[in-house]
């Protein structure tokens, strides 16, 4: 049934089982930009002409045409596949892809170049230990800061800070490579400056990842649109994996072709040139979604379009195309007037309020007094529906006094009190840090997050430095490169498998499948190592009988089987990574998304630091078997925890409530 007095922007968000299809009056079908990303294979219903009485066949402007609701049984479940703001997602993808490309290339370049200097191996190990430790300690504070500022400010600060630190680190690396062996790295202050730059850069990189993945993506895709959210997460992980491959291969190629000095200069120039594009992408998102990007999440601000209007402000107008925009413009102007702060009172009346004298308003303000009841009613209605808590819309009297006090406070901060205020805010944030940890451990989806942290204890049965060192100790350094390449390819396969599993099985069942599969594969790898490779030498496999004693391309089949099981387990790992991310995106409120996500990242980094410390203590290759046992046990514990949470706890109820309530946050209508 057509809605004659409603436009696409003023229509509320459709229910889960209904689809909004924009159509033009008069039988001409036209789809706006926000709904174009439908695939060609998806079914669209044939258009039937909807003619109203006394309506003409005149074209409507794009974005302001009437809309019609049809049942999902007729159109298919298309709303779950379509993100709410695809144009904003495209800009975020561009920004995140450029950031990942630069960060992955820099992360690969620093240990590679430092290891070529005298005494660089020990410093590379120290760098690999200190940088994750900094993220583990300061990460929750960064997430709390991101929750207290607008999304636009957080993204700008993270991107600009990351680029500036990489540029500074690249210049320091140029100076160090110029000096070469003539200087000791431990005695020069340049290395400690480089160490500081790498630590802070790792924090800004984590802030960018948390802001994009855990905050912007669920906000722009829709927290209750599970298929669209899974597609967005899949694209992010593919950007991450592709950036790692392109960054490492590109830097290695340019390093061999042009030398160290030209490669570093080109990398610094590329970072400088990429920064304006990243800022431009963020500003494009600001222009598309100003309410979501510029408003504070924790302050109770809500988008103006999502504020329900009183019935008195809706005016019945004819359905001619020239008058259709008038309904929305009048309604939104009324809402904006109700949420607009009052003007400052005259200076004499401000002085009277500061002195504590309460005198009645003079007769010169009679016009203000007559218009006050209507403005106060609109202000109270907007405050009750939009949830504003800054004092500007509670009532006419309180909005005036609050505006005066906030203006005076802003004026005093501009007179030289900005630095002490920043210091006090930093101290207050540090004091609130225990509350961040309490909120993380009190979240209803904590077992899913803890299972991911346990998977990060798997520092051996994964494509890392320890596995490369083990293969080199067996005399098979040529196997390490194909092994890591196959793991990267399985990462792309895992993202596709994860999206399909989430769409067909649901989040919880996809997580059960992923954790169970990874535990089974790594248990098989542990059994192969326990049976054939415990000697820590290639000679331990030469006397074997049976199939595994044979060789293929000069490598025993037990080595191929051991590496193949680990490669296949990467599919399950990336699938569960998508599942855990989407569970937190759905069940965690937007006011706490950055804090909880950064705390999870910190614990993951801390688990890597613990495993690295254990590997440093047991530096003998014969102790590799103990590390394999510890890694396999951690993966089995993660699978047991997640399966117990899903089967014997309230996981189904928690996720159903999160999907029904939209994570407890007001979801804006699709643009």
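Here the Cβ of each residue, glycine as well, is placed from N, Cα and C on the backbone.
Heads up, TrEMBL stuff is auto-annotated, nobody curated it.
From the options 155-177, 178-200, 201-223, the stretch TrEMBL describes as transmembrane segment is 155-177. When the ranges 394-418, 594-618 are checked against TrEMBL, the one recorded as transmembrane segment is 594-618. Annotated by TrEMBL as transmembrane segment, the relevant range among 81-101, 102-122, 123-143, 228-248 is 123-143. Remark: the transmembrane segment (440-459) contacts the transmembrane segment (624-648), by the rule of 3 or more CB pairs under 8 A.
For the transmembrane segment (249-275), the residues of the chain that approach it from at least six positions outside its boundaries are 98, 102, 105-106, 108-109, 112-113, 159-160, 163, 166-167, 170-171, 173-174, 177-178, judged by C-beta separation under 8 angstroms. Within the chain, the transmembrane segment (505-528) has long-range Cβ neighbours (under 8 A, six or more residues past its boundaries) at 226, 448, 451, 455, 458, 461, 498, 558, 561-562, 565-566, 568-569, 571-573, 575-576, 579-580, 582-583, 586, 628-629, 631-632, 635-636, 638-639, 642-643, 646, 651-652, 655.
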